[in-house]
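> From Swiss-Prot, for reference:
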DOMAIN    8-173  domain 'N-acetyltransferase'
BINDING   VAL91, TYR92, VAL93, ARG99, THR100, GLY101, LEU102, GLY103, SER104, ASN130  acetyl-CoA binding site
Amino acid sequence: MSPERRPADIRRATEADMPAVCTIVNHYIETSTVNFRTEPQEPQEWTDDLVRLRERYPWLVAEVDGEVAGIAYAGPWKARNAYDWTAESTVYVSPRHQRTGLGSTLYTHLLKSLEAQGFKSVVAVIGLPNDPSVRMHEALGYAPRGMLRAAGFKHGNWHDVGFWQLDFSLPVPPRPVLPVTEI
């Protein structure tokens with residue numbers, strides 16, 4: 001049985017959200033191969049990343065009944081300037097809110113923001129196997145682009161990493177990507 005769908009408020013993430021975000025992500029670090037980190041993170045790491053990236057990349061949280069229930073955010077795909085129009089996307093939903101559509105809702109808001117900003121494409125990196133994540137990404141329009149075999153070792157096993165990409169239609173040459181605050 002799926003958990004009950006509750007209305008979610010999707011908004012920009014703030015520094016005050018990062019302890020809750022850290023708790024959500026640490027669950028996946030400790031219990032799964034969704035995240036290839038092997039040690040839990042501290043809230044300050046999340047705060048530092050948010051402050052460093054939020055002007056250029058959207059960071060969104062979903063609040064349900066006053067609690068942070070998930071996060072979707074983007075960051076740079078690679079550090080070279082030619083990649084400026086490609087972002088990497090990530091989404092995490094608290095275990096209590098899985099299978100409620102919240103991940104797709106968060107991702108839809110994130111993708112609308114990235115497209116409005118002028119990004120050309122978005123890459124998702126998925127630790128495999130992870131059928132629910134693959135299904136969600138493909139339902140949102142991502143297409144598989146490749147795989148690295150046995151790229152990460154976690155929980156006593158080697159795991160593949162898959163790459164999915166969503167392309168937006170943009171002119172050539174592209175215009176500069178807009179800051180998050182200008183969309």
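The backbone N, Cα and C atoms fix where each Cβ goes, and this holds for glycine too.
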> Within 10 Å of the Cβ of VAL93 (acetyl-CoA binding site), how many other Cβ atoms are there?
25
> Near SER104 (acetyl-CoA binding site), how many other Cβ atoms are within 10 Å of its Cβ?
17
> Once the chains shown are all counted, how many other Cβ atoms turn up within 10 Å of the Cβ of VAL91 (acetyl-CoA binding site)?
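So the number of other Cβ atoms within 10 Å of VAL91 (acetyl-CoA binding site) is 22.
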> Using a 10 Å radius around each Cβ and all protein chains in view, which of these binding-site residues has the most neighbours: THR100, LEU102?
LEU102
> Max Cα distance spanning VAL91, TYR92, VAL93, ARG99, THR100, GLY101, LEU102, GLY103, SER104, ASN130 (acetyl-CoA binders), Å?
17
